[in-house]
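Shown next, in structure tokens, is the structure this report addresses.
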Amino acid sequence: MLNIDLIHLVTAIGYFGILLVVFLETGIFVCFFLPGDSLLFSAGLLASQGVFKIWILVPTTIAVAILGYFLAYWLGEKLGGWLLRRPDSIWFKKSYLIQAKKFYDKHGGKSLILGRLIPVVRTFVPIVAGMTRMEYYRYIIFNVVGAFVWGGGVTLVGYYFGYLIPDVGEYILLIVLFIILLSLLPGIWHAVKSRFFNPPSP
């Protein structure tokens, strides 16, 4: 049986709370800290236990993830130069934008798919795409594919994971912590690789 406190918390948040977090993390750069990966996985896991309906959760999550990236593109297009000039604060660090720019330069349009799986990069890559005026039709394609991979994929992984493990509710907090750690690994590896393995600039 699922931990009753967790059920109360997620029920209180509901569909609206989940979708709001997804929209804010993908669309508003100051919300880069929100836990999108673990939230979607947990929502899928809870859907397998009957707390949510998966046929509502998946399409709405995908739709909101797409809308968030459209907003982020527009913000990058309008505010990109201002962001590069503004000083660091608790809500924004220029290094996040620079890291996303390097990721975008390396992977091109695919960064809008791959970047969805990396915290912080996920939030700033569409900003970079807007700053560089990526062709809008290409942006739409990569945005939609990325939303299916991340918004739909992570949620469905959690959903089927809940069916595969007996009494999954007893381990849900440990599973969520593991997913949080797992979601941080790509970003950690990218930072370590950039710091220790990239050749120094001449």
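Yeah, the Cβs are placed from backbone N, Cα and C, and that goes for glycine too.
Remember, it's a predicted structure, so these values are computed and weren't measured experimentally.
Annotated domain 'VTT' per TrEMBL: 34-159, in sequence order. Mean pLDDT, taken over the domain 'VTT' (34-159), works out to 92 on the 0 to 100 scale.
Distant neighbours of the transmembrane segment (12-35): 43, 52, 56-57, 60-61, 64-65, 67-72, 75, 83, 91-92, 96, 119-120, 122-124, 126-127, 151, 180, 183; these residues of the same chain sit at least 6 beyond its ends, with a Cβ under 8 Å from one of its Cβ atoms. Per TrEMBL, the feature transmembrane segment maps to 12-35 (among others).
According to TrEMBL, the transmembrane segment annotation covers 55-76 (among others).
What TrEMBL lists as transmembrane segment is 140-165 (among others). Residues 22, 36-37, 40-49, 54, 57-59, 61-66, 69-70, 73, 109-110, 112-113, 115-117, 122, 126, 171, 175, 179 of the same chain, all 6+ positions outside the transmembrane segment (140-165), place their C-beta atoms under 8 angstroms from a C-beta of that stretch.
Taken from TrEMBL, the feature transmembrane segment applies to 171-192 (among others).
Within the same chain, residues 15, 18-19, 22-29, 40, 43-44, 47, 112, 116, 123, 126-131, 134, 139, 143-144, 146-148, 150-152, 155-156 sit at least 6 positions outside the transmembrane segment (55-76) and bring their C-beta atoms closer than 8 Å to a C-beta of that stretch. For the domain 'VTT' (34-159), residue counts in helix, strand and coil come to 104 helix, 0 strand, 22 coil, using DSSP.
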